[in-house]
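Peer 1: Pasting in a structure now, in structure tokens, and then I'll have a few things to ask.
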């Protein structure tokens, strides 16, 4: 009897030590480094063929090995791929492309451009590259990051979009002519995402340039959508920007709405803005109440909440990543696993998937190499380290290579059932899909920095901390360094306000500039020192604070009202 109990105990012990569900031999043996190198090779196969066959057009046509303009005429793939080059570690090509763009891209052109796409791809891509250019070894101007050629280009592109916002509601038109503004006779119907996806780029622009107009129009548009939500708390798909009447009344988390919700969360984090976060949390309740069934999300009528389409769209796969950003990891994982079963069924995510029937929807069987499921896997892997997420990355690399790789790049999959291809490679393949795959397989990338390493940069407005991590990706996967928003404050009263705060903190003589010394080893309080004490420290010197009891910039998570970052300096409340 005792022997039997012992062997039972040993079995139970073995059971307790088993790997968690979903690992399996494949994932445990998954060679992360070799997949990372395969992703790198994917990038260059596509990028080099774009340069060879398609530049200066917007996009590569991989089946005919030529190029086409799609969203404007500004070498879009080059702008979209720029920050991916740096994430892969290619500084020399980054520097070359920066020069090419400065010389070759012109926004004074007679082209009708999507306001939404130009913002997320062009303005977002240029802002991100501007903020990363010093890290990439570009010789930056004295006033950087508050000035620079890429910032001027981003501002010029954004100014071309401003006429679209001149409507009675503040909600923008969907299309603008880059030379003439809004065309007479332009349709006033815009999708929700096309109204609510500006705050990340436009607030960054306002903070860097000192011109508040960009952030102001973005906020006004966000608030107009909020004001026009239905009584049950939902927004529809398309709205008339003149009359504020909903034209398409389907409510859901996918196409036409998606990045509005994403930007409420990311805008809240970037700007430490309680109002944006509370808007999202209200929407989140309504979405759970009316659209969520068994960890799937359906489309419902925005006023009644009745189901209008029991469909999963591939664009919705960003949602688990967004849930992980607000800390709702368990729900995120369950929904992710639903979406992953669809991927496994087809070797990709069809644009539409009928949930009750478990199959594709007519005319929506394609997969244009979208990033959303991989993006969610990247976020969730940072949160959980669950190896199932690496398995999705592995499956994505194998699928994309097997089905869509052609001699001249990677082609959109027209139909996942028979693997027919389309003659298009969207710029988001290099901006997002490849980037998120690489970051999933590269745990030590500078993008994942936890604040233990950072740069201190001297600007005309004082010192500021940069490259400390916490990057916010725009919806085209262009990373924005949130600390940069505190480098270029030009309003004098803010300077005084900060100085009063500092006096309260340290009851010391008022001075113009403060820097933070390394966190002391014995838990005593950090000291502020006047600039003359800091003169020996070279501008932009790297500091590594791993020795300290906790790193300077990996702050404990804070509620939105405890703002401890002042003018880019981070103060820890460990008194």
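For all residues, glycine too, the Cβ spot is worked out from N, Cα and C.
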Peer 1: Of 475-515, 516-556, which span is tagged region 'Disordered' by TrEMBL?
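Peer 2: Within the set 475-515, 516-556, TrEMBL attaches region 'Disordered' to 516-556.
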Peer 1: Fill in the CA-CA distance, residue 351 (active site, proton donor) to residue 475 (Ca(2+) binding site), as an integer in Å.
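Peer 2: A Cα-Cα distance of 18 Å.
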Peer 1: Only counting partners 6 or more residues apart, tell me which same-chain residues put their Cβ under 8 Å from the Cβ of residue 117 (active site, proton donor).
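Peer 2: 71 - these are the non-local Cβ neighbours of residue 117 (active site, proton donor), listed in sequence order.
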